[in-house]
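**Student:** Here you go, one structure.
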2 protein chains.
Amino acid sequence: MLKSIDKINFEKRNGIIPVIVQDIKTKDILMLGYANREALSKTVETGNAYFWSTSHNRLWMKGEESGNIQPVEKILVDCDSDALLYLVDSAKPVCHTGNRSCFHNELAV
Amino acid sequence: MLKSIDKINFEKRNGIIPVIVQDIKTKDILMLGYANREALSKTVETGNAYFWSTSHNRLWMKGEESGNIQPVEKILVDCDSDALLYLVDSAKPVCHTGNRSCFHNELAV
């Protein structure tokens, strides 16, 4: 089913909802970011992954400093419309450590 | 690298951090939930996916009503220790709609 941007429930999470970023080819999970309506709109408009920085309170394009931009091929929405999934097509690192994925640590149990 | 539960930065997100749930075999993303320290501890202790319900403010085991429990094989932590990834081994539906995944809608662009 298709959902329009007007159906996304930003209000439920105080204007900012989580965004999972997944590699469209390998299906690896790359990072977890956040988006407000503006970040999602910019992602749709430009085709590159935009987020809302919760630590710096500003709109932010992935790769704006590193050059590792992440082109978004598809955006999925969850069943209650308060979480997003950006499917990206790139082989560039997403993590500031240089790893492709930010999820490179395992919980010790 | 291994990270202990004491290194998880729950405080940064007011005690509750996002949890991505991914099928360990197909690598499909199944849902986005939330965990506080108690939910993570119960997940580690029991081997089943536990969450903190942000709408009902209570600890919650996935499948407690539906029977569709999700055994967690591995838990990954992101680079700044404020997001989790549960890798689950099950073929049971995760979504209340009966879908395996909650991410079954595409954003209309």
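Here the Cβ of each residue, glycine as well, is placed from N, Cα and C on the backbone.
Keep in mind that TrEMBL annotations are predicted by a computer and have not been checked by a curator.
Keep in mind it's a predicted model, so treat the numbers as computed, not measured.
Feature table excerpt (TrEMBL):
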DOMAIN    A:31-104  domain 'Phosphoribosyl-AMP cyclohydrolase'
BINDING   A:ASP78, A:ASP80, A:ASP82  Mg(2+) binding site
BINDING   A:CYS79, A:CYS95, A:CYS102  Zn(2+) binding site
**Student:** I'm trying to understand the geometry here, so how far is the Cα atom of A:CYS95 (Zn(2+) binding site) from the Cα atom of A:ASP82 (Mg(2+) binding site), in Å to the nearest whole number?
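**Tutor:** Taking the Cα atoms only, A:CYS95 (Zn(2+) binding site) lies 24 Å from A:ASP82 (Mg(2+) binding site).
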**Student:** Determine, to the nearest whole angstrom, how far the Cα atom of A:ASP78 (Mg(2+) binding site) is from the Cα atom of A:CYS102 (Zn(2+) binding site).
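**Tutor:** Cα of A:ASP78 (Mg(2+) binding site) to Cα of A:CYS102 (Zn(2+) binding site) measures 22 Å after rounding.
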**Student:** Taking just the CA atoms, what is the gap between A:ASP80 (Mg(2+) binding site) and A:CYS102 (Zn(2+) binding site) in Å?
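**Tutor:** Cα-Cα, rounded: 26 Å.
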**Student:** Looking at the binding-site residues A:CYS79, A:CYS95, A:CYS102, which sits with the largest number of other Cβ atoms within 10 Å of its Cβ?
**Tutor:** A:CYS102
**Student:** Could you tell me which of these binding-site residues, A:ASP78, A:ASP80, A:ASP82, has the greatest number of Cβ atoms within 10 Å of its own Cβ?
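**Tutor:** Output for this query is A:ASP78.
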**Student:** Between A:ASP82 (Mg(2+) binding site) and A:CYS102 (Zn(2+) binding site), what C-alpha distance do you get in Å?
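**Tutor:** Cα-Cα, rounded: 22 Å.
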**Student:** Within the domain 'Phosphoribosyl-AMP cyclohydrolase' (A:31-104), what mean pLDDT does the predicted structure show?
**Tutor:** 97
